[in-house]
Amino acid sequence: MNFELTSAYKPTGDQPEAIAQLTEGVLEGVPAQTLLGVTGSGKTFTIANVIANINKPTLILSHNKTLAAQLYSEFKGFFPNNAVEYYVSYYDYYQPEAYLPSSDTYIEKDLAINDEIDKLRLAATSALLSGRKDVVVVSSVSCIYGMGNPSDFYNNVIEIERGRTINRNVFLRRLVDSLYMRNDIELNRGNFRVKGDTVDIYLAYSDNLLRVTFWGDEIDGIEEVDPVSGVTIAPFEAYKIYPANLFMTTKEATLRAIHEIEDDLTKQVAYFESIGKEYEAKRLYERVTYDMEMIRELGHCSGIENYSRYFDGRAAGTRPYCLLDFFPDDFLIVIDESHVSVPQIRAMYGGDRARKINLVEYGFRLPAAMDNRPLKFEEFESMAKQVIYVSATPADYELVQSEGIVVEQVIRPTGLLDPVIEVRPSLNQIDDLMEEIQIRIEKEERILVTTLTKRMAEELTEYLLNNNVRCNYIHSDVDTLERVKIMDDLRQGVYDVLIGVNLLREGLDLPEVSLVAILDADKEGFLRSHRSLTQTAGRAARNVNGMVIMYADKITDSMRLTIDETNRRREKQLAYNEEHGITPQQIKKARNLSVFGNGAETEDTQKGTRAYVEPSSPNIAADPVVQYMSKTQLEKSMERTRKLMQEAAKKLEFIEAAQYRDELLKMEDLMKEKWPG
C-alpha cells in the first residue's frame with residue numbers, strides 16, 4: 001500500500017522546493033541531507049510530503065516524549081489511511097538499578113509501566129513486520145535501546161485463515177507460546193478466553209477483540225469485535241496475530257541461556273575470589289542463583305533484561321537488537337531538532353555504561369549486563385543508511401554528514417519575518433533598555449532580556465522593579481516549578497519583562513514577545529555562540545513586531561554570523577511577501593494546546609488559501625485513574641508523580657512538569673476528600 005497524504009493545505013513559500021530537493025536526494029540514494037527550517041515554516045508538512053513521494057518506511061526520531069507525541073499527532077492527521085505508530089519508553093516512572101560505592105548504597109530498580117504506550121509499541125513493531133511499506137514510526141531515543149530479537153518475534157506470529165484445518169487446542173497452545181494468557185473471567189489486553197467453539201483474543205496491540213470461531217477442527221469465522229458491545233467491526237478471510245510481548249523466546253533458548261549463565265557465573269565467582277573479593281563473589285553467586293531458580297519456575301525474574309544477551313544468542317560485546325532491526329533495509333530516518341537529538345543519541349551509551357560498571361565490579365550483576373544497553377553512536381550510524389536532519393540551527397556534525405549541502409526553508413506561510421537585529425553600545429545599555437521596554441509596554445507586548453550570570457539577572461530585576469516595571473527573572477536557582485508559573489504570568493500580562501540567563505528553551509516560545517534584548521552579546525562562549533544567539537533571537541520570530549537588540553562594544557564572529565544569516569533570511573522573506581502580496585499575520589497561540597491537536601493553520605486572506613505551520617508548542621495532560629485507589633496505592637501514585645515532576649523540571653521541560661504538578665495537586669485534594677485529617 002502506498003502513502004496517501006491527506007491535507008487541506010498546499011505547499012507554499014520554500015516548501016515546494018524543499019520537498020522536491022529532499023525527495024530527489026532520497027530517491028538518488030544520498031545518505032544524509034539537512035533541512036534547515038526556521039521556526040513556524042512548516043517543516044513537518046514538508047517531511048510528510050517527502051515521505052508520501054518516496055513511499056518508504058520512515059522513522060521520525062525526536063529528542064523527548066512530548067515532541068514525539070506532537071509529531072505523532074500531526075503525522076496521524078496527514079496519513080489517516082496509513083500506519084502511523086508511536087514508539088517511546090513505556091515507563092511512567094523508572095528508577096534504574098544502581099550502586100553507589102562511596103556510601104555503599106544499592107538502589108533497587110523501580111518502575112511503573114504505561115499500558116497504553118506498551119500497546120502502541122507493540123503496534124509499531126507489528127506494523128513493521130507486516131511487510132507493508134506505508135509505515136511511519138515516531139520515536140524518542142528509546143529506538144536505540146535493546147529489545148527482543150525480531151526473528152523470534154516474527155516466528156511467533158500466528159497466521160490463520162477461514163477454512164484452514166487446525167485443532168483448537170493446538171491453536172490455544174500457539175497463543176500461549178506467543179505470550180497470550182487465558183482468562184475466561186476478565187478479559188484484558190494480552191488475554192484470551194474460550195467459550196465452546198469460540199476463542200476471543202484481546203490483541204495486545206489493538207483496542208479490539210479478535211473472535212475466531214471453530215467448526216470442529218476448521219476455522220469457520222474470523223472477525224474483529226468491539227470489546228464492550230460485542231458488535232462486529234469487520235470480518236476477515238485471513239489474519240495475522242502478533243505476539244503479546246516484544247521479548248520472545250523458546251523453552252530451548254531458555255534452557256540454553258540458563259546453562260550459559262551458570263557457566264559465566266562460575267567463571268566470574270572464581271575471578272572475584274582470585275583477587276580477594278570474597279564478599280562480591282558470594283553476593284553475585286546468591287543473586288544469580290536465585291534469578292535462575294525464578295526463571296526455571298516462573299519463566300522470568302526481576303532484572304531479566306540483564307541476561308538478554310544469553311536469550312538472544314549474542315556473543316559478548318555485540319550490539320543488542322533494537323527497533324531499527326524491525327525496519328526493512330531501505331528505510332528513511334528523519335531526526336527532528338537534530339542539533340539536540342544527535343548529541344543525545346551519542347550520550348546514551350556512556351551514561352548507561354557508567355551506571356552498570358559499578359554493578360558488575362561490586363558483584364551485583366554478571367559482565368553480560370553491560371550488553372543490555374543502547375546502541376553506541378557508531379552502531380547507530382552504521383544502521384542509518386539514509387537520514388534527513390531537521391533543525392533551525394544544524395550543528396557541525398549534520399553539515400559534515402550532508403557534505404555542506406543544506407535544503408533551506410525560511411519562508412513562513414504566515415508571512416512573519418525574522419526579527420530586526422540592532423547592535424547598540426553597552427554604555428548606558430540599561431537606560432536604553434528602559435526606553436525600549438516602555439515602548440513595548442504601551443503596545444501591550446512582552447520583553448525577554450538575557451544576561452550572562454544569575455546575579456546580573458537578579459540585580460536587573462531589582463532595578464526594573466524600582467522603576468515600576470513589572471518583571472521577574474528565571475534561572476537555575478529559582479524553583480523549577482515556579483518557573484512555569486512565571487512564564488505563564490508573562491503571557492497573562494502579570495509581568496511585562498522576563499529576565500534570564502538561558503532563554504533558549506521551548507517553554508519560552510512566546511508569540512507575545514516582540515523584543516529580545518541580549519546583554520553582553522560580545523562575550524564569546526556557550527551562551528553567546530552563533531547557535532545560541534540565533535536560537536535566542538528566534539524567540540522574537542513569532543511576533544509581527546519582532547526585534548532583537550544586542551548590546552556590545554564590538555561585533556564578534558558569532559554576532560556577525562547571526563546578524564548576517566538573519567538579515568539574509570529576512571530579505572528573502574520580504575521579497576517573497578512583496579512578490580505574492582502577503583501581509584504578515586500575528587500567530588495566536590492557544591494556552592492549552594493539546595499534543596493531540598493537528599497543528600495550527602493560517603489563512604492567506606488575499607488569496608483564500610490555507611497553509612500549514614507547526615503548532616507553537618506541545619502540551620501533554622496527564623489523566624490517571626485514581627478514584628478507586630486505596631490510600632496506600634494513592635500515596636504511591638503521588639510519590640511517583642512527584643518524582644516524574646522533579647525529573648521533568650530538572651530537564652527544564654516546564655510544561656510537562658506543570659502538568660505533573662497539576663496532577664499531583666488533584667491527587668492531594670482527592671486524598672483530603674477521601675481520608676480527611
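Any Cβ shown, glycine's included, is placed from N, Cα and C.
Because the structure is a prediction, the values reported are computed rather than measured.
Swiss-Prot assigns the feature motif 'Beta-hairpin' to one of the listed ranges (90-113, 114-137, 138-161, 378-401), namely 90-113. The least crowded of the binding-site residues Thr39, Ser41, Thr44, judged by other CB atoms within 10 A of its own CB, is Thr39. Across the motif 'Beta-hairpin' (90-113), DSSP classifies residues as 0 helix, 15 strand, 9 coil. Comparing local CB density within 10 A for the binding-site residues Gly37, Gly40, Gly42, the maximum falls on Gly42. In sequence order, Ala392, Gln409, Val410, Arg412, Asp418, Gly538, Ala541, Arg569 constitute the residues six or more apart from Val38 (ATP binding site) in its chain with CB-CB distances below 8 Å. Within the model, the domain 'Helicase ATP-binding' (24-412) carries an average pLDDT of 92.
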